[in-house]
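*Asks:* Here it is: the structure, laid out below.
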């Protein structure tokens, strides 16, 4: 586990973005942990999340020409990442995001920001069913650009109705990489290293054994 990953887990727990207990997911499964990126909702947390996304991006082999944030949660995330790359890496990276509905007046269309061209890296919080990512990939291709990959905060490493996770399906169907700041395996490693979380480690490990995908 990289230092930035450990720091991100600690930060997420501190901000109660990552919680442990019993939570019912949209799938109906009872999960021993819950991750709510919507709680990164202050200026300080937004600056911090931009730093963690940038750390994951620069540690990855992802190649890209610009950034794209799917509406709505991806919009502040891609903005925070773009600002962090400028401040910490002196990189001037174009970015854009989409509207849920096309605008008929003014500049019109569904895209806000830089024109979509070249290799486009999609930035979002998590991938659950993958519907939003598939829609964005269609938008990118329709504009003559190429989806270069997806950068998210957490990979739950959890299968859907079949044997693959939504992330694995995206990777297979579109032949693009999905990179996460952390995976569930890193959360387990963190919990195992701290006796305070021994009960949580056991519960999350059992959940991973039942619903997890092969890493």
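Heads up, the Cβ atoms here are built off N, Cα and C, so glycines get one too.
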*Asks:* In Swiss-Prot, the orotate site includes 34, 35, 156. Which of 84, 128 does it also list there?
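*Replies:* My reading of Swiss-Prot gives 128 as the candidate in that site.
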*Asks:* Using C-alpha atoms, which one of the binding-site residues 100, 125, 127, 129, 131 comes nearest to residue 35 (orotate binding site)?
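*Replies:* For residue 35 (orotate binding site), the closest Cα among 100, 125, 127, 129, 131 is found at 125.
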*Asks:* Could you check what DSSP calls residue 35 (orotate binding site) once collapsed to helix, strand or coil?
*Replies:* strand
*Asks:* Select one residue from 26, 73, 100, 156: among these binding-site residues, choose the one with the most other Cβ atoms within 10 Å of its Cβ.
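*Replies:* Per the Cβ count, the most surrounded site is 156.
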*Asks:* List the same-chain residues at least 6 positions away in sequence whose Cβ sits under 8 Å from the Cβ of residue 34 (orotate binding site), in sequence order, or say none.
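*Replies:* Expected: 18, 19, 21, 23, 25.
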*Asks:* Counting only residues 6+ apart in the same chain, whose Cβ is under 8 Å from the Cβ of residue 129 (5-phospho-alpha-D-ribose 1-diphosphate binding site)?
*Replies:* 160, 166
